[in-house]
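J.: According to Swiss-Prot, the protein has these features:
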type	residues	note
SITE	ARG11	site 'Important for substrate specificity'
ACT_SITE	ASP70	active site, proton acceptor
SITE	THR71	site 'Important for substrate specificity'
SITE	GLN155	site 'Important for substrate specificity'
Amino acid sequence: MKVILASKSPRRVEILEKIVKEFEVVQSNFDENTIDFKGDIEKYVKDLSRNKAIEVSKRLNEPSIVISADTVVFQDGKVLEKPKNEEDAFSMLSSLSGNTHKVYSGICLINTYDDTVVTDCDCTEVRFSELNPRQIRNYINSGEPMDKAGAYGIQGLGGAFVEGIKGCYYNVMGLPLNKLYKALENYDITIL
């Protein structure tokens, strides 16, 4: 059975390559703005990942396992997705500075052969160092934060701001590896 990653994220590709030998990437065209956050962060990221997987699965012509994910940073009851512009990134990084936040990733696996759908969610706590405005501006000028939830990438320059984490490192990158590995064990595909 084919494995399809419903994401254009190079970080998700890199993570999935750790456990799945062969897969294809098919970008989801689902409009994430059609789902509003209504207070339940786990439901929100699972709904987003499920809708991404459904959109891709409808375009496939052969039995496949479609994997999708959605990752957000959550702090003080607010969802921090990808920054809209540099000012938005500055605001996000300023609010994360010196504080602990949570990163939630929803994952979804759809078996297109029998239409089974599995969703799950992972949460990682991340503690940031105190950052001054110059550090934040320098980081924004690198361009790195502009395509990442919460305006930072733990696997890149943004990792310098992280004092510690509690939970899955790969979840912060965008794909909770252990949860995904456990979910994939139920399918007839080669993993590891």
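Note: Cβ is positioned from N, Cα and C throughout, glycine not excepted.
Note that the coordinates shown come from a computational prediction; the quantities given were computed from them, not determined experimentally.
For each listed feature, how buried is it and what is near it?
T.: Residues near ARG11 (site 'Important for substrate specificity') in space but far in sequence (CB under 8 A, at least 6 apart, same chain), listed by position: GLY153, GLN155, MET173, GLY174, LEU175. In the three-state DSSP classification, ARG11 (site 'Important for substrate specificity') falls within a helix.
According to DSSP, ASP70 (active site, proton acceptor) is assigned to a strand segment.
Note on THR71 (site 'Important for substrate specificity'): other Cβ atoms within 10 Å of its Cβ, all shown chains, come to 28.
Other C-beta atoms found within 10 angstroms of the C-beta of GLN155 (site 'Important for substrate specificity') number 17, with every protein chain shown included. When secondary structure is read from DSSP and collapsed to three states, GLN155 (site 'Important for substrate specificity') falls in the coil class.
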J.: To see if you understand the setup: which same-chain residues, six or more apart in sequence, place their Cβ under 8 Å from that of ASP70 (active site, proton acceptor)?
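T.: Listed in sequence order: GLU32, VAL45, LEU48, SER49, LYS52, SER105, GLY106.
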